[in-house]
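Since the structure comes first, as structure tokens, the remarks are kept for the end.
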């Protein structure tokens with residue numbers, strides 16, 4: 001398992017807004033964020049907020065027009081061109097949806113958490129999966145990053 005990284009100064013604000021007890025540690029989140037951002041920047045600030053289904057559903061409804069909770073929402077920070085800030089943005093991750101999906105997809109919970117963090121960070125970096133070409137590129141990068149963490153390809157049937 002390769003975890004070598006370009007030196008990244010990371011300021012990660014982890015906010016826990018759920019009663020769920022099966023959550024990764026601060027160190028887990030930092031490792032996954034560092035892995036997703038490796039070789040892309042030298043300094044980054046972001047917030048990861050772990051929420052319950054109610055908050056996820058409200059945000060998903062407001063910002064995506066979908067009235068249901070979702071696994072991860074990404075909110076990139078867009079600074080004016082003349083301002084240089086290392087602020088990447090915010091990830092909102094719904095603990096109960098991540099747990100449900102891990103069970104449904106027969107994946108280890110920790111592996112699915114890692115995948116959701118990496119997936120969200122790639123969105124913050126500007127990757128998307130709206131069309132097939134973008135989806136293939138994003139999935140390929142995700143798979144490489146997840147496998148470098150010692151987890152299985154998240155898109156393969158388990």
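Cβ from N, Cα, C; glycine included.
Listed in Swiss-Prot:
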- 119, 123, 129: Zn(2+) binding site (BINDING)
(Q) Using a 10 Å cut-off on CB atoms, tell me which of the binding-site residues 119, 123, 129 is the least crowded. (A) 129
Q: Enumerate the residues of the same chain, 119, 123, 129 excluded, that satisfy the criterion Cβ within 8 A of the mean position of the Cβ atoms of the recorded Zn(2+) site; list them in sequence order.
A: 72, 74, 120, 122, 127, 128, 138, 142
